[in-house]
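Database features, via Swiss-Prot:
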MOD_RES   MET1  N-acetylmethionine
MOD_RES   SER10  phosphoserine
ZN_FING   22-44  zinc finger
REGION    52-78  region 'Disordered'
COMPBIAS  54-71  compositional bias 'Basic and acidic residues'
CROSSLNK  LYS57  SUMO2 cross-link
CROSSLNK  LYS59  SUMO2 cross-link
CROSSLNK  LYS65  SUMO2 cross-link
CROSSLNK  LYS80  SUMO2 cross-link
ZN_FING   112-134  zinc finger
ZN_FING   140-162  zinc finger
CROSSLNK  LYS154  SUMO2 cross-link
ZN_FING   168-190  zinc finger
ZN_FING   224-246  zinc finger
ZN_FING   280-302  zinc finger
ZN_FING   308-330  zinc finger
ZN_FING   364-386  zinc finger
MOD_RES   SER387  phosphoserine
ZN_FING   392-414  zinc finger
CROSSLNK  LYS512  SUMO2 cross-link
ZN_FING   516-538  zinc finger
ZN_FING   544-566  zinc finger
ZN_FING   572-594  zinc finger
Amino acid sequence: MEVESPEERSPAPGYKRSGRRYKCLSCTKTFPNAPRAARHAATHGLADCTEEMAEAKLKPETDPKAEDASGDKVSGAAAKPRPYACPLCPKAYKTAPELRSHGRSHTGEKPFPCPECGRRFMQPVCLRVHLASHAGELPFRCAHCPKAYGALSKLKIHQRGHTGERPYTCADCGKSFADPSVFRKHRRTHAGLRPYSCERCGKAYAELKDLRNHERSHTGERPFLCSECGKSFSRSSSLTCHQRIHAAQKPYRCPACGKGFTQLSSYQSHERTHSGEKPFLCPRCGRMFSDPSSFRRHQRAHEGVKPYRCEKCGKDFRQPADLAMHRRVHTGDRPFKCLQCDKTFVASWDLKRHALVHSGQRPFRCEECGRAFAERASLTKHSRVHSGERPFHCNACGKSFVVSSSLRKHERTHRSSEATGAPPQQELVVGLALPVSMAGEGPAAPASGAALGDPPAGLLGLPSESGGVMATQWQVVGMTVEHVECQDAGVGEAPGPLGAAGEVGGEEVDEKPPQFVCRECKETFSTLTLLRRHERSHPELRPFHCTQCGKSFSDRAGLRKHSRTHSSVRPYTCPHCPKAFLSASDLRKHERTHPVPIGTPTPLEPLVALLGMPEEGPA
């Protein structure tokens, strides 16, 4: 092939001639001839940009006699007119064929099909590159992973994922990109060009293909099928990432801990766990996030938007992944199986959490009391016992809670009162009945509405070594009191604010709890939870049957636990003795029978610190 000299062709816009080479004014790279300079210009978006964008790339000292890529004269900052303007975006073109070619990016038209596999393309040059993959012509191979490409430009973009190079920086928000096409798409978001809107949820997109991908989250269409396991996906990129799992490919590896990842975005989010960086700030509550997906999910919680609806039961969800997981409840699909006990799970993280039960690993340790946890979320909840943080607030009454599940339970009291027309129930938190020697010591306990909305972890049914009586549970009744201290004699009696039954501070309480009636037997219950639990006792509401003995259960988990009695599988082994158990709850009960080593913090210590009560010293 004959190489053209710089005199035979003029440089592309944004370039100046330096001797016999062409220098890019955007990134200072140099090229020996005009064709290579023109190809590089496309990576900066100069091949099909408007006059205004081209002028921004041209420096004042650009040669006024320079010509653009098509051979047209460029005089100073003015270029040849572009009479063919796109009606959907600010781009303009010199010829009608160029405009028609550009219009396919808006319409999604792909008139060039591949004769081998049927895949279609918008431009003939894209088809030619694709055909090289069928012919096995992939001469450009990555040195870091087994991936190969038919074009050098594709390889260079791919290699930036390994090196972390992101040469395309947005002037408006500072975000940087490795792929010029992704950069151009991002620029449209600042221009506000989102002409394609979803008819179901109103979400708008800059390109038609993005709208098509989004619509599959509503329809449930998953046209991309994995040939290894049969799993289907709504996006081709998701299938590509999934196939790396079968090939054991993790091209993105963390230099700090050595952990590998199949996706660049997952690797970048992981890096922030080492640096502690949380760049995504919620403007409503000030909470910060390390990855954009968690941030978007959190924002939907504020907005209350749940655009993804189950077609079988009508339940709405914020994320398409949540809807896909919910559908498994209807289909009974539990694809994640434990290799040690054959237990199956709906979600992969449920399996990972369950695996810690067998391994006994508790890698997350509290710096205050030394207690260890299998999950980071459990440690986060536990740390609030020490800090007193209660981040979950009720919008109806202002009460705050340590964990979100307690807030949801509390909110049901407001919803049930609205359904029955009765005034909302107020929650009574009966304080822990401390040993007699501790009763009355220390400062007064805080009001129930501000302090002890939830029992701290590990404080249910604690025995008292000194003979005092401790409450076995936290109770909810239809009244509010300051604090209750149970004495050694007469657990049912409570001095102070709580007097005789039905009286609070000497005043009678005549509020009746709401009544919930069973449809089958007309029995009444004080809470909706008790009613639902009772309804499962009816035979017609116990749909899960044991095939060996015929016993029926109200949920699938109960049937799985029961089936182990037939198979003699006891997957939960005590780390202190050879005993094994059918369920994790039975194992936890058994572990309490083993003596606690001296020096191990007791579960009572965090509560004592929270209440501000002095610990008993030696007599």
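Heads up, the Cβ atoms here are built off N, Cα and C, so glycines get one too.
On the structure: features taken from Swiss-Prot.
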residue	record	DSSP class
LYS80	SUMO2 cross-link	coil
LYS154	SUMO2 cross-link	helix
SER387	phosphoserine	helix
Ranking 224-246, 280-302, 308-330, 544-566 by Cβ pairs under 8 Å to the zinc finger (516-538), which is first? 544-566
Whole-number Å value for how far LYS80 (SUMO2 cross-link) lies from LYS154 (SUMO2 cross-link) (Cα to Cα): 31
Checked against DSSP, the composition of the zinc finger (224-246) is 11 helix, 4 strand, 8 coil
Take the C-alpha atoms of SER387 (phosphoserine) and LYS80 (SUMO2 cross-link) and report the distance between them in angstrom, rounded. 68
Quickly jot the same-chain residues contacting the zinc finger (308-330) by Cβ under 8 Å, restricted to those at least six beyond its ends, or write none. 217-218, 220, 234, 297, 300-301, 346-347
Run through the Cβ atoms and count how many others sit within 10 Å of the one on LYS154 (SUMO2 cross-link). 16
